[in-house]
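K.L.:
The structure under discussion is supplied below as structure tokens; questions concerning it will follow.
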């Protein structure tokens, strides 16, 4: 399963965002996931469930459908707090780098209010643009330090074997960087690695970071009066990145209020359903929250995790079934499983994802919506419902 890392300096609301993402909605019970380490958790990306489109009542197993929206579990990691010099082991640098290594994409949480300095201490008028710059530099220098270890020896060997991609893949093993990423990063470089300069290697580290560790910027504490101008600065400075105004604190408050039976959430709004539990202070807080939701169209937290999977990691949702007429499995569960697969995945890829033997003995697949047969190379589309026909017993 792909994993998203939450990164940022101390006191920007990163842990609050982690808690907001991993706090289960009231309707989602306990699912039998593997034991999660303290800094790892299960969040839910959301996508329209095909049940409404098909006019059927679904019975999910690996996910949950709430008001026609499928909630699909994904893994997130709260990366150790970041301070300048982390790549040299400063602060919790080594822990930070180990956490970083595991993630496929990042949500960089910055304090859009400008009330915390580079170390996370209280201050006034700090520029969050600097937070993004120093984080990118830390990751670049970390990749660079791994890339250049025993570089002369590696470059000579790669030159002799005429396989720089394999040499780089071996050198960067453990960083979740695949061969395609490496090929893309070096395509404009000299074919002879022994000619690569220090500047070339630093630029290569930057390219590898951009390709293999894509990132969203969460402009957190967006409800603060000083945040708006900083959010605009972030958008202007980092045009190549998705910048999302967020309030993790508001998201967490709403989830907990819903869990307590005080409110019912609907899309990017909510209604109070138990007035007896609401005192005057809470009512003022709810009015404040409503104003924020109206201004930004939501808390931004769900948007961050959705965009991380659907935009950065290019994922789509597909539904494998065994009965193409009832859209069900053998037990009669309708639309039982929602699978996240890479855009460009084929029917055979899905078969392998369901079970290795299904992939090995794949015969053909059926597009259950259109009731047509498709081949092994059929490219899956978002919200496809697919029956796999295989010689597997």
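Glycine too: its Cβ is placed from the backbone N, Cα and C atoms.
Taken from Swiss-Prot, the feature domain 'OBG-type G' applies to 2-266. What Swiss-Prot records for 8, 9, 10, 11, 12, 13, 14, 15, 78, 79, 80, 81, 82 is GTP binding site, and it gives sequence analysis as the kind of evidence. Sequence annotations record features per position, and here Swiss-Prot assigns domain 'TGS' to 314-390.
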K.L.:
How many helix, strand and coil residues does the domain 'TGS' (314-390) contain under DSSP?
P.N.:
13 helix, 32 strand, 32 coil
K.L.:
Please classify the secondary structure at residue 78 (GTP binding site) using three-state DSSP.
P.N.:
strand
K.L.:
Please report the number of other Cβ atoms within 10 Å of the Cβ of residue 10 (GTP binding site).
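P.N.:
Result for residue 10 (GTP binding site): 16 other Cβ atoms within 10 Å.
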K.L.:
So which other residues, same chain and not among 8, 9, 10, 11, 12, 13, 14, 15, 78, 79, 80, 81, 82, have a Cβ within 8 Å of the centroid of the Cβ atoms at the GTP site?
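P.N.:
Filtered neighbour residues, in order: 6, 7, 109, 120.
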K.L.:
In Å, how long is the longest CA to CA span across 8, 9, 10, 11, 12, 13, 14, 15, 78, 79, 80, 81, 82, which the record gives as the GTP binders?
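P.N.:
Roughly 13 Å, rounded to the nearest whole number.
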K.L.:
When DSSP is mapped onto helix/strand/coil, what comes out for residue 14 (GTP binding site)?
P.N.:
helix
K.L.:
Over the domain 'OBG-type G' (2-266), work out the mean pLDDT and round it to an integer.
P.N.:
89
K.L.:
State which of the following binding-site residues has the fewest other Cβ atoms within 10 Å around its Cβ: 12, 80, 82.
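P.N.:
Each of the binding-site residues 12, 80, 82 was scored; lowest Cβ tally within 10 Å is 80.
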